[in-house]
Amino acid sequence: MLGFLKKPVVVTAEINMNLVALTVMGLISRLWGLSYPRAVVFDEVYYGQFVSLYMKRIFFVDDSGPPFGHMLLALGGYLGGFDGNFLWNRIGAEYSMNVPVWSLRLLPALAGALCVPLAYQILVELQFSHCAALGAALLILLENSLITQSRFMLLESVLIFFILLAVLSYLKFYNLQRHSSFSGSWWFWLLLTGVACSCAVGVKYMGLFTYMLLLAIAGLHFWHMIGDQNLSNVSLMCHFLARGLALIIIPVAMYLSFFYVHLTLLYRSGPHDQIMTSAFQASLEGGLARITQGQPLEVAYGSQITLRNVLGKPMQCWLHSHTNTYPIRYENGRGSSHQQQVTCYPFKDVNNWWIVKDPGMQQLVVSNPPRPVRHGHIVQLVHGITTRYLNTHDVAAPLSPHSQEVSCYIDYNISMPAQNLWRVEIVNRESDTDVWKTILSEVRFVHVNTSAVLKLSGASLPEWGYRQLEVVGEKLSKGYHQSMMWNVEEHRYGKSQEQKEREVELHSPTQMDISKNLSFMAKFTELQWKILTLKNEDTEHKYSSSALDWITMDTNIAYWLHPTSGAQIHLLGNVVTWASANIAALVYTCLSLWYLVRRRRKIYDMPEDAWQLWVSAGGICVGGWAVNYLPFFLMEKTLFLYHYLPALTFQILLIPIVLQHLSDHLCRSLLLKSMFSALIVAWFSSVYFVYCTFRPVTYGEPSLSVTELKDLRWKDSWNILIRKQ
């Protein structure tokens, strides 16, 4: 019974020493001297601000992409005990002792290091030789630009890691498809493909390009499966559902989870939440939540309210009036009504308060019980401090002559009657009987007499209007543009009928109870829309470049300069590798076209399995390069050299593929093969030579003399920094 104890327990494992050695070399190349320089390097000044906000749980919006990449950087800071207290105000600023530089840079460095073995594995899964796979990994290892980008608190190396992981996972899944469908390994690699794709998109939207490429390849492979008569309809349906689950449903769910964690962590109000809606701001701790806590929910006749324009552009502002009137005549000679100005004011002010009045009654207080205002009700809006009525009429607006002037009515007894009735239209209503609600309702005010809609034009008034924003009556209102929509931000029930008592009331804080909780999906939708639509004004950057400059590396980026010595760090690629990658892409394209023409003539230059291997490798590598590069020609944003690195990575993978193909199929004789092998050795030696030559500006040490720096300027367009003597 206990006979099994007579024999020792033996565990046998196969270890790919190539893979182990490549991983170790990748870690050394990316982790060596990681804390140097102990100063802010280029875009660390940008990402560091977000890390600090994570540490302090303060909400922010970054229009560059989703939050997953930022959270990974923040995780490095958290693991290092960073408290968020550092002023990220300039490149080159020395880090204080409380900043764990090594920890903040660790995750990007690890991601960059693991790209080396991933490159090896991808070529192995593409059925190329281990020699070709080793060559691809070494090219990634010795690529100066990838090393530089990996060693700092930046996101490109993380993005490339998840892109390569997604490609490798799909290839492993596809290779298992032939003999072990629905096995544990099959499911693992399929699910990991979806997870990696989601992570890539979550780091930067550029990851979406590779995700779409893999979806297209998966769709093509499934289309071929449909033609397989050996598969039953049930089996095909199972395959389809498995792919849908792993490649669509799980990535979407994970993408949502990134935002859920992001919003859970950042629960405090900060400077960025001002661009969000009032409802979103009220869901954050502090800020507007502190101001609006305890407000009544339903707007009633007699309510005292502030009205915030939903658009938030060119800045957030509130409907406002003051005692000043429009000038009798404008600079261009046009006349005005000379009535009290109505504007949109970008600051909190007592003159932002309005009273919702029932046109059929004189009282300006809330009755008991309150009479709520519903969709479609007619109201008058009385300015709280001046007690004049919001009015519009057929007089041209100051800066928008095609629209009506909006004013607070003054009776000059000159046959210009008041036109101050407004219909409340709740845009986001669920039914036509909805009650107008604080913060939650987005409303339009439609003028009863002229059907004009109260709208923020966005134009800035001249000095007589104190540079405040123009508000107009839009006669031709098509659709529900956000400039026509307003929401109640601050709200109280009016109690004082006398003006002096009411003014005291308007200066006091709100106090009644209200509970307003936005759902996660509502917050996600709003934040996602802001990320996609909120664009900073593009300004020309010293190191910005065009997509055409990247292929030939006619540009570089100076990341860091030592304050006293000649030590500096540049984003510069390995010239030989970049040129070889371009040549490999050109050779692949030309050969593929040649083969296609000959195959059309029924001339087959290689076995069918070799042809399929050639096509699939091109689909991954050339396709990966194209989808990660060509879209930049359509983008209206400031571009930098590092945007090209994901595309470059795919192009580098193509080099050993083309070299092996030339060796296997075009070098027919032993002599040609020997000569070709010698050329490859010489070529790779030049790659290593260039890597060593530019190593000082890749790692920032050793310090170089002026002469040495000038010698590194291989192209006139490179901006190598040389101090004046």
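Cβ coordinates are placed from backbone N, Cα and C, and glycine is handled just like the others.
According to TrEMBL, the features are:
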type: DOMAIN; residues: 296-359; note: domain 'MIR'
type: DOMAIN; residues: 370-427; note: domain 'MIR'
type: DOMAIN; residues: 431-491; note: domain 'MIR'
type: TRANSMEM; residues: 9-32; note: transmembrane segment
type: TRANSMEM; residues: 68-88; note: transmembrane segment
type: TRANSMEM; residues: 100-120; note: transmembrane segment
type: TRANSMEM; residues: 154-174; note: transmembrane segment
type: TRANSMEM; residues: 186-219; note: transmembrane segment
type: TRANSMEM; residues: 240-261; note: transmembrane segment
type: TRANSMEM; residues: 575-597; note: transmembrane segment
type: TRANSMEM; residues: 609-627; note: transmembrane segment
type: TRANSMEM; residues: 639-659; note: transmembrane segment
type: TRANSMEM; residues: 671-691; note: transmembrane segment
Leading contact stretch, 100-120, 154-174, 240-261, 575-597, 671-691 vs the transmembrane segment (639-659) - CB distance under 8 Å:
575-597
Cβ under 8 Å, sequence separation of at least 6 from the ends of the transmembrane segment (575-597): give me the contacting residues as numbers and ranges.
139, 142-143, 551-553, 605-606, 611, 614-615, 618, 621-622, 625, 648, 651-652, 654-655, 657-659, 661-662, 683, 686-687, 690, 714
For the domain 'MIR' (370-427), give the DSSP counts of helix residues, strand residues and coil residues.
0 helix, 26 strand, 32 coil
Could you pull out which residues elsewhere in the chain have a CB under 8 Å from any CB of the transmembrane segment (154-174), counting only those six or more residues past its ends?
42-44, 47, 69, 72-73, 107-109, 111-112, 114-115, 118-119, 121-122, 125-126, 146, 185-186, 189-190, 192-193, 196-197, 199-200, 203-204, 206-207, 210-211, 214, 217-218, 221, 620, 624, 642, 645-646, 649
Between the transmembrane segment (186-219) and the transmembrane segment (9-32), are there at least three Cβ pairs closer than 8 Å, leaving out pairs fewer than 6 positions apart?
no
Does the chain bring the transmembrane segment (9-32) near the transmembrane segment (100-120), so that three or more CB pairs sit under 8 Å (pairs 6 or more apart in sequence)?
yes
Rounded mean pLDDT for the residues that make up the domain 'MIR' (296-359):
88
